[in-house]
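Peer 1: Reproduced below are the annotations present in TrEMBL:
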- 1-31: region 'Disordered' (REGION)
- 1-11: compositional bias 'Acidic residues' (COMPBIAS)
- 14-31: compositional bias 'Polar residues' (COMPBIAS)
- 49-176: domain 'MARVEL' (DOMAIN)
- 53-77: transmembrane segment (TRANSMEM)
- 83-107: transmembrane segment (TRANSMEM)
- 119-139: transmembrane segment (TRANSMEM)
- 151-172: transmembrane segment (TRANSMEM)
Amino acid sequence: MRSTEEAEGFDGEASNTSMISGASSPYQPTTEPVHARNVLGGIRCDMEYVKSYFGILKVVEVVLALIGFICIETIMLCSPCGGVYFFEFVSCSAVVVTGVLLLIFSLNLHTKVPHINWSLTDLVNTAASTFFFFLSSLVLACINHNTGAEIAALIFGFLVTAVYGVNTFLAVRRWRRGNGCPGTAQTSEYMRARTASRGEMEARPELA
């Protein structure tokens, strides 16, 4: 009987101890719902950008570069092929890079990565595309076999060069206005925070 009573006492003490430890434990079960993070919630099609000068120019650049790439891909025989390969590489790269930038700006994905200077990135892309498209079209004009596909690719190459040139001019003008300079924004934020802090100190003199 004594052993049974002692066992029951130990069981009662163990249950009380577990209840106390469970009550004091910081890891308590919760019934609060866990909300999943909506990562794609801020993605939307910015029609204002698509209808703007930069959006329209990028759409035209992608279309013309893609047509030029298709024309140069239809060439089966060439000798020498240096001009063809160079134009093929430039047109394919322009379609991919400009298409990605168009997608990023149209869906407002650039707002998710504010640390990148997107205006300067766009300027570098348009300037490099202008230079390389002009160079590759010039090389193809000097080294070609007067086939229909080469002449068509040459025409679209110079057309997309002109469109990229206009885009570069507008991008440079936008960058010079200060939209592409992060230093101005950082300075203004610093001055705004400093002014707000000074106003708080004047409102609460006991902090001085």
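Note that Cβ sites are derived from N, Cα and C of the backbone, with glycine treated the same way.
From a predicted model like this one, the values you see are computed outputs, not experimental measurements.
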Peer 1: Mean pLDDT for the domain 'MARVEL' (49-176), rounded to an integer?
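Peer 2: In the predicted model, the domain 'MARVEL' (49-176) has a mean pLDDT of 92.
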Peer 1: Report the DSSP secondary-structure composition of the domain 'MARVEL' (49-176) as helix, strand and coil residue counts.
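Peer 2: Grouping H, G, I as helix and E, B as strand yields 106 helix, 0 strand, 22 coil.
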